[in-house]
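The next block holds one structure in the form of structure tokens; read it before the comments.
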Amino acid sequence: MSDEEEYYEEDENQDDGGGDDGYEYEQDDNNGGGYDGQYDQNQGYDQQNYGDYGDQYGGQQQDYGNQPQNYGDQYGGGYNQEYQQGDYQGGYDDANQYEEPEEEEEEEDEVEPEPEEHPEYEQSEEEEEEDDGYTQVEAHTNQASDGTEGGNNESHGLGSMIKGAMDGFGGGGFDGVVGQIGSLISQGGGGGGGLTNVFSSGGMESIVGNLISSASHQFFGINPATGAIIGAIAGNIIFQMGGQNNSLSSIGKVVLDNIISGKFKRDIHPFTPGGTVPGLGFQQQFQTINFQQERQRCLDQRILFEDPQFPANDSSLYYKTRPDEPIVWKRPGEIYENPQLIVGEKSRFDVKQGALGDCWLLAAVANLTLRDELFYRVVPPDQSFTENYAGIFHFQFWRYGQWVDVVIDDRLPTVDGRLCYMRSQENNEFWSALLEKAYAKLYGGYENLDGGTTAEALEDFTGGLTEFFDLEKADKATTLAMLVRGMQMGSLFGCSIDADENVKEAQLTNGLVRGHAYSITAIQTVNTYGGQIPLLRIRNPWGNSKEWNGPWSDGSGEWNQVDPHQKEQMGVQFAKDGEFWMSFDDFMTNFTQMECCNLSADVMNEISEMTGVEVHDKQQHQWVEKQEDGEWNSRQGTAGGCQNNETYCQNPQYGTTFQVPYDSIEQDGKCTVIVAVLQKYRRELRSKNLDNLPIGFSVYRIEGGGALTDTSGKKPVARTRVFINMREVTVRFRVPPGQYIVVPCTFDAYDDASFLLRVFSNAEFQTSRLR
């Protein structure tokens with residue numbers, strides 16, 4: 001047990017009669033990415049949320065204990081401190097011992113150092129009831145729920161997953177929509193014409209055929225039936241390493257054809273190791289590597305590529321903790337006969353964790369495999385163990401505001417001839433092991449991947465902005481409105497059920513599986529005898545018979561109430577394919593977590609150009625995104641700390657001016673805004689003791705365009721509820737059009753760090769650096 005003491009410091013901007021209540025800093029000396037809850041192989045971190053999403057200044061507050069990844073045992077919370085307004089107190093929690101799991105292949109995660117929280121002032125009931133025109137929903141992007149299995153994703157790629165549109169909920173503004181949705185939830189009626197799924201599941205093959213047949217080729221082409229590259233050099237024969245061609249999906253063939261033909265070229269930057277950190281300068285040791293040029297050089301010289309930036313030695317494995325067993329680096333052809341990068345649709349979804357504590361990465365990979373349009377942006381299909389093989393591969397990730405191409409060789413760590421880190425279910429499939437290696441290179445080494453959050457990897461895979469929500473604490477009407485609006489704007493949704501700490505992915509009697517990642521692929525209202533019911537289409541990535549068996553499941557009696565024409569329009573099929581429908585009410589009752597990855601217009605437009613799939617409703621407005629690079633630099637006087645410090649206004653400040661939103665739902669004149677502050681280069685420079693700092697931000701309404709010089713008497717319209725040492729903190733809120741200032745800051749003054757500020761909105765807006 002730990003004894004707590006607190007520092008209290010008066011917050012002069014309090015107007016709720018709360019007395020001594022200021023910014024609070026809650027610390028666990030294990031800082032990093034942790035959650036209050038069981039951190040295990042399957043579930044990762046559980047997130048504690050406080051407040052309903054519809055409450056003013058409501059949101060989520062995570063309490064972060066220090067619990068190990070295991071199969072039932074827990075141990076205490078480590079060293080805890082709390083800084084509030086005046087006292088200090090510290091103590092240690094004694095750790096209980098826990099047993100290793102019996103399965104040798106399922107290694108335990110090292111618990112990521114726990115994040116520090118710095119709660120700000122609590123509002124009184126009077127302040128919460130005040131109607132000042134501002135509403136806030138907060139979601140920290142920091143959950144690592146784990147889902148490790150996958151399934152067939154034939155024609156239901158990203159397009160069908162997010163192509164839900166709302167047609168007929170009527171006007172009346174956001175609050176009116178919430179009210180009407182509330183009536184749908186409570187009595188099954190009261191809506192309009194339904195949530196229309198406008199993406200036809202039957203049109204994919206024609207799209208693929210047209211793109212392949214119309215593409216113009218110069219020296220290369222692809223076989224539209226097999227996806228094989230015509231005219232490629234048989235690298236597997238040259239180097240006698242075995243190998244088989246990739247098994248690509250229809251969308252994978254489109255992407256490959258566009259790459260080979262030159263029809264589509266991504267705005268991609270060669271990866272440069274290191275980064276700029278105040279006080280340390282730019283940490284870089286190597287020049288960039290161009291994948292195409294380097295592969296051609298190796299083929300010309302008949303040599304297998306060896307990566308000078310990420311060598312096959314201990315420096316790439318660890319900086320602190322040596323692996324327990326000796327590591328031998330081997331190429332896939334030396335591990336298994338006839339390796340393949342991608343074996344096939346079904347097997348691709350089944351990925352296993354190895355000795356690293358990176359189940360957070362595994363959960364994001366599981367989500368990535370559900371969406372071909374995203375998968376083939378990260379895993380380019382222009383590489384294999386046969387065509388032009390030279391021991392060189394590349395993977396593409398979003399890194400702090402831009403996409404980078406990470407080039408690696410295919411030498412992988414093994415123990416006793418077997419892969420010791422991430423691997424696929426099929427022994428001869430290697431995309432997952434190579435992706436993990438490229439990701440390890442991105443962040444400076446395999447050990448740097450120990451501990452993290454699913455949100456980090458999802459954003460690195462998509463370039464989106466991810467939010468997580470605890471459905472057990474969520475307001476139903478607000479959640480449904482968010483689902484509807486998000487799908488219209490191209491957001492990606494997933495869901496899961498908290499894992500049973502004693503059972504791995506236990507199937508419930510209703511057919512759902514605990515600790516397993518599902519995707520939400522459509523939303524639709526149906527006319528029934530009792531009124532209109534909102535339904536969700538959900539997909540189990542296993543693509544098998546493990547489906548929901550309750551109301552509105554395949555073949556259930558509820559479907560007899562629905563007009564056959566509407567069922568046909570919805571694409572309802574009763575098959576053991578992992579896809580099923582369920583009512584929104586049952587969804588809220590049975591699922592416990594939901595994730596939302598918001599994609600900007602630039603990302604969605606690139607996906608469309610690259611794959612031929614439209615990923616949002618073109619009749620609806622897309623997210624507008626702006627981003628700004630910045631830094632807290634004590635030498636330059638821009639590291640002012642939180643509002644507890646007199647130097648607070650020395651922090652960087654960014655002006656934003658929001659116009660009147662013009663989308664079809666939120667007609668109350670308010671703008672939906674998501675603000676995120678992400679600290680850069682901390683994971684990759686862990687060896688230099690650059691742990692995540694506790695960070696946060698506040699948003700103020702202003703008149704005029706100048707920077708803040710004094711916040712006395714100014715109440716923020718939105719803010720992070722706590723300062724926390726996560727890579728990124730995020731808040732969703734709604735405000736009237738006008739001028740605002742965003743002030744990102746660390747909790748302590750004079751802490752140095754680089755950061756990226758991102759703002760998403762449904763309204764046009766401009767940003768500028770004011771200080």
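Cβ coordinates are placed from backbone N, Cα and C, and glycine is handled just like the others.
Straight from TrEMBL, the features:
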ACT_SITE  Cys359  active site
ACT_SITE  His516  active site
ACT_SITE  Asn540  active site
COMPBIAS  1-29  compositional bias 'Acidic residues'
COMPBIAS  37-73  compositional bias 'Low complexity'
COMPBIAS  80-95  compositional bias 'Low complexity'
COMPBIAS  96-115  compositional bias 'Acidic residues'
COMPBIAS  122-133  compositional bias 'Acidic residues'
DOMAIN    304-600  domain 'Calpain catalytic'
REGION    1-136  region 'Disordered'
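In this structure, the CA atom of Cys359 (active site) is 19 Å away from the CA atom of Asn540 (active site). Neighbour density for His516 (active site): within 10 A of its CB lie 26 other CB atoms from the protein chains shown.
Distance noted between the C-alpha atoms of Asn540 (active site) and His516 (active site) is 8 Å. Residue environment of Cys359 (active site) contains 27 other Cβ atoms, counted within 10 Å of its Cβ in all protein chains. Per-residue confidence over the domain 'Calpain catalytic' (304-600) averages out at a pLDDT of 87.
In the three-state DSSP classification, Cys359 (active site) falls within a helix. Within 10 Å of the Cβ of Asn540 (active site) there are 26 other Cβ atoms, across all protein chains.
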